[in-house]
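According to TrEMBL, the feature domain 'ABC transmembrane type-1' maps to A:71-255. Annotation source TrEMBL lists transmembrane segment at A:79-102, A:114-135, A:141-160, A:204-224, A:236-258.
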Amino acid sequence: MSALNLRLSRWAERLPSLRPSLANLRGWAVPLALLLGLETLVRSGILPAHQMPAPTQVAQTLFHLAVSGELLRHINASLLRVAGGFLIGAGLAIVIGTWVGLSRRAEAYLEPTFQALRAIPSLAWVPLLLLWLGIDETPKVVLIALGAFFPVYLALLAGIRNIDRKLVEVGQLYQLSRFALVRRILLPAALPNLFTGLRGALSLSWMFLVAAELIAATRGLGYLLSDGRETSRPDLVIAAILLLAVLGKLSDSLLKYWETRALSWRDSYQGGEN
Amino acid sequence: MSALLQLQNIHKAYDGLRVLDDVSLSLAPGEIVSLLGPSGCGKSTLLRIAAGLDQDFSGALEFNPLLQFGRGTGIGVVFQEPRLMPWLNVAQNVSFADGWIADEKWVQQLLRDVGLSGHADALPKKLSGGQAQRAAIARGLYGKPHVLLLDEPFSAVDAFTRMKLQDLLSELAERYEIAVLLVTHDLDEAFYLSDRVLILGGTPSRLQRELAVPLARPRDRRSAELAYLRGEALTELYQSHAI
């Protein structure tokens, strides 16, 4: 009896260390249940397999794609486009956003134009981009850059305009140059907003990638989607959707990880109990 | 010119409303001067003018050429709030003026001076109000200034912390031979710390009176002389309808 008690108390000691990992696993419950339910429904014939393939069949399709090397080719193409477009768009947004944030005059000149450009649904640019830039990589990257630009620009501008004037005054006191003021006070202080913008921009980048690849591409996940539709293969479509979900999530997690590290100085509310 | 800092016939108006009317003051080396007055009397404005943060005034602002020697402006400023950069740790905040090329030894020395030696790597969010203000004082001293300007620096901390910080300021000013211009609305603080107390009042504000505090340091907060001087100041403030 006492041996059992001892063992129990040892277990109890270990429990707190187990808890966080258990909490991390909670997020898997819903998707796993959905997959299981779907598999059952398709296997039992309630859902027609030619319209809704079973999860195992999608897994098979993915496996074949991976083995043939096709998968890597498509993912590579899409990743490069997203990375290129996102970096160009976000980079330009940081430069221009900082400039407009610093200078009322630049704001007076540029803001109305940007507001107007922003009002155009970015997909409306597609025909023009195709006319101007052809159907190779350039229009895709440009479209993604367009999509990534505005969230970053707006968030950064709002962030800079929200900075406590008192901190900027410390910079004046130390007679910082304009560039030093940006680097040492404005950008760090606007970093929380900037990250929000970057994460928004990243998810938009994936959206615009699909739009660009659906229209004219011979590689990439968007191409896989349209290929699946044209050859009536829902398993291919779902496989591509899954890949987009995974890549989108992974890239966002990467950015979030970076955000958490870069913003550890913030003294903000972290949410309630577990 | 023997004064380190001289403000002559300063006039200042906000949107046509006159705030400061012909105010002159000077700060001699090693001297501690307090500007005392009710809130809204323009004493912080005067300090911002002296710090070079407010250029929109008429009158003359003269600095002793001595201030220009060495690095920086020769003037340190401590604000009412600590104004630490939340993304920099305490040591980086103290050496903010120099950024990456900070003088680590001097930072360590200053942190010891203000009683924060164990907190060099702490982020501002981990500091108490008093600790944050200590860090701000260390930052003000980092440029080895000849003049330290303080704008109600202890008004946001509790009474006990305030007394400690006042002693700290007086001790550091003496050790590093710094002249101090202190803006305050605290009579006790003004007389306890200063060699001269300037009373600012009226609308627009003028210098109402100058009271010398010819008492040796360290001073006793309970001393009768300080109580008498506080009484004088109160009388002056009543007469100028400041309170």
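In case you wondered, yes, glycine gets a Cβ from its N, Cα and C as well.
Same-chain residues lying 6+ beyond the ends of the transmembrane segment (A:141-160) with a Cβ under 8 Å from its Cβ atoms: 81-82, 84-86, 88-90, 92-94, 96-98, 100-102, 114, 117-118, 122, 125-126, 129, 133, 186, 189-194, 196-198, 200-202, 204-205, 207-209, 211-212. Stretch with the most C-beta contacts under 8 angstroms to the transmembrane segment (A:114-135), considering only A:79-102, A:204-224, A:236-258: A:204-224. With a cut-off of 8 Å between Cβ atoms, the residues of this chain six or more beyond the transmembrane segment (A:204-224) that come close are 73-75, 77-78, 81-82, 85-86, 89, 122-123, 126, 130, 135, 139-140, 143-144, 146-148, 151, 236-237, 239-240, 243-244, 247-248, 251.
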